[in-house]
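Working notes for the structure below.
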Amino acid sequence: MSGRNSRKGGGAARYRAGKSKRNYERTFAQRQNELTIESSDSDSSSSGSEARYSPKFPVAMWDLNHCDPKKCSGRKLGRLGLMQHLRLGQKFSGLVLTPVGINCVSPSDREIIATSGVAVIDCSWAKLDETPFTKMRGSHPRLLPFLVAANPINYGKPCKLSCVEAIAATLFICGFRLEANWYMSKFSWGHSFIELNETLLNKYAACRTSAEVLQVQHTYIEEEQKARDKPKNYSEFYPKSSNEEISDDNSGKEND
């Protein structure tokens, strides 16, 4: 008898377990369906944002394979489909950021970028002497003005920008601020670059010509140097003299 009751109890338990499992599977399936719908809505919203801020002009680079592929911002943009790769010897008709440029990027370059785009040379700062810049030609070579890097490798170092920082800085200065922020948003540290250089970027963007940008750069560096050389005034942190302390104590006792 106890055996039959045991078997019945086991069957009931298995039935309840099976029913619970089916309910769980149904609930899980429903949740999966909801997540699919939510994901679809999110992707739709994201794609709308992508379309709104992604540039309508080409953004490209020559890759010299000097950098670690896992750390290279240009390579990441390429994997995301946000950067076109150029071959050595291939000419680019837009603005080219290169150390052999003569003029500095300025808001007057906006039309060049809008119609023909911007390209950067992805090479190591340690290998500039062996980089074949003559094989990476463009109609409008440009230099970037003074800015500070925020990328993890060269954080805080002046002028040693990564590919994405160079692209974003150029776009910001030339009036494509939404696109600049959009490119930097692809990196976890990206917001730091705009924040770190916001004052300078805004001043550069308010200029008209390359000469004005260089003047802003010169003034900024000069003021920063003066501020560093200026003696610090720590008087507010000085302790009171012993006489003042004694006087205060005595006055307290007399009042008592």
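In case you wondered, yes, glycine gets a Cβ from its N, Cα and C as well.
Predicted automatically and left uncurated, TrEMBL annotations should be read as such.
For 1-52 (among others), the entry in TrEMBL reads region 'Disordered'.
The compositional bias 'Polar residues' annotation in TrEMBL covers 29-38.
Residues 116-124, 127, 131-132, 135-139, 151-153, 162-165, 167, 183, 186-187 of the same chain, all 6+ positions outside the domain 'RNase L inhibitor RLI-like possible metal-binding' (58-91), place their C-beta atoms under 8 angstroms from a C-beta of that stretch. Annotated domain 'RNase L inhibitor RLI-like possible metal-binding' per TrEMBL: 58-91, in sequence order.
Per TrEMBL, the feature S-adenosyl-L-methionine binding site maps to S73, I121, L144.
Look at TrEMBL and you will find 95-221 tagged as domain '16S/18S rRNA aminocarboxypropyltransferase Tsr3 C-terminal'.
Taken from TrEMBL, the feature region 'Disordered' covers 225-256 (among others).
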Give me the non-local Cβ neighbours of S73 (S-adenosyl-L-methionine binding site): same chain, 6+ apart in sequence, Cβ-Cβ under 8 Å, ordered along the sequence.
N151, S162, C163, V164, E165, F187
